[in-house]
Amino acid sequence: MHYSASGLALAFLLPAIQAQQTLYGQCGGSGWTGATSCVAGAACSTLNQWYAQCLPAATTTSTTLTTTTSSVTTTSNPGSTTTTSSVTVTATASGNPFSGYQLYVNPYYSSEVQSIAIPSLTGTLSSLAPAATAAAKVPSFVWLDVAAKVPTMATYLADIRSQNAAGANPPIAGQFVVYDLPDRDCAALASNGEFAISDGGVQHYKDYIDSIREILVEYSDVHVILVIEPDSLANLVTNLNVAKCANAQSAYLECTNYAVTQLNLPNVAMYLDAGHAGWLGWPANLQPAANLYAGVYSDAGSPAALRGLATNVANYNAWAIDTCPSYTQGNSVCDEKDYINALAPLLRAQGFDAHFITDTGRNGKQPTGQQAWGDWCNVIGTGFGARPSTNTGDSLLDAFVWVKPGGESDGTSDTSAARYDAHCGYSDALQPAPEAGTWFQAYFVQLLQNANPSF
């Protein structure tokens, strides 16, 4: 993938302004120089050697389940769900899984904005503070990009359960990205993952999925929306000429199959990542893409919880644009609306009645500053886009969403770094940039200044 969101450590941190860190803020880890104690009601919990986070002190991840009769019922998941120690794994999701829910505000992203971004808005930039505060409240997906982050899913779902039990109306749904394939990011370097196929990576990945499944079963009364493995399947459509991708093909397919079958649960809706218009929207790529995604769906037994595909994740394409930008190089399928409407019939013809979600987190300014459509790293001239909504105007599109947390880097511009990718050093990439997933203040400012609609 071109980035790894919600990184394990925050880069370019200013000295801590407060003696105590806020709930869900970072409180420790290798190289951390900020506050190491938490506000009342929170405890500093070490997730790994790089990252510790202030989590609710009363939070428990016990696998002992209690029975409830006050489960959430919505138009997208008929019937109530009872939390018991024995769950029948027969997915029942139908209809738009976003309908009837409000989306969870990512606490980690919110803490980045509150504890890093806003204090850094000084001088002439101080006028952006209200917009930054508003951006922190926009729901975005939580990235489970290393196995060590999986326990945070339980923490956040416990918080959602508590808010729903307190009468949240509409009830809250959680949003997560499953992103830890072995030999991840096979066609780039910026977001190489923790598992290697040559070192038991497939089994490590299955263990990672099992941990996620256990949490989803425990919180079966909480509605959860998942994006599955950004870039992975799209790489199998176009990049098998890259040795790492060719070597990873069978592992990617096996692991994706395992993910969508094991996570096929009544409280879950899944979307496979499907690249974007500038990747798979070319005439030569549409049918091969449809063949691959329909095959994955069929090979997994047509899981009821596999709702469809996610597009434009961490990218910049417009949802709908009147005039194709010059960098789209003459492809008439130059926005995400045209892309999904070109792909959907090809999928349907093979038995996959897919619906879609599109990431609008960074596509607010059109055209962008891209010099080439394939330039993906920290692109200049971008802005926050449409807020998450089911008011899409297209029956194929379930929702606009923010999958990529805006302000987290796509990759480092440091040419000496192990994960340096040349795209992050291009003239249309904002520089200097920190490692993928870490906070990039200048990029956040750019997104705020170019936001459309503005905050």
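Quick reminder: no glycine exception, Cβ is built from N, Cα and C everywhere.
Database features, via Swiss-Prot:
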type     : residues      : note
ACT_SITE : Asp185        : active site
DISULFID : Cys27-Cys44   : disulfide bond
DISULFID : Cys38-Cys54   : disulfide bond
DISULFID : Cys186-Cys245 : disulfide bond
DISULFID : Cys377-Cys424 : disulfide bond
DOMAIN   : 20-55         : domain 'CBM1'
REGION   : 66-86         : region 'Disordered'
REGION   : 93-450        : region 'Catalytic'
SIGNAL   : 1-19          : signal peptide
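On the structure: features taken from Swiss-Prot.
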residue : record         : DSSP (3 states)
Cys27   : disulfide bond : strand
Cys38   : disulfide bond : strand
Cys44   : disulfide bond : strand
Asp185  : active site    : coil
Cys245  : disulfide bond : helix
Cys377  : disulfide bond : coil
Cys424  : disulfide bond : helix
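Between the CA atoms of Cys27 (disulfide bond) and the residue listed as 'active site' there is a gap of 29 Å, rounded to the nearest whole number. Cys38 (disulfide bond) sits 35 Å from Cys424 (disulfide bond), taking the C-alpha atoms as the reference points. Close to Cys424 (disulfide bond) in the fold, though at least 6 residues off in sequence, lie Ala190, Cys377, Asn378, Asp410, Gly411, Thr412, Ser413, Gln431, Ala433, each with a CB less than 8 Å from its CB. Fewest other C-beta atoms within 10 angstroms, among the disulfide-bonded residues Cys38, Cys186, Cys245, are seen around Cys245. Note on the domain 'CBM1' (20-55): its mean pLDDT in the predicted model is 69. Taking all protein chains in view, 19 other C-beta atoms sit within 10 angstroms of the C-beta of Cys44 (disulfide bond). All protein chains included, Cys27 (disulfide bond) registers 25 other Cβ atoms within 10 Å of its own Cβ. Cα to Cα, Asp185 (active site) and Cys245 (disulfide bond) are separated by 9 Å.
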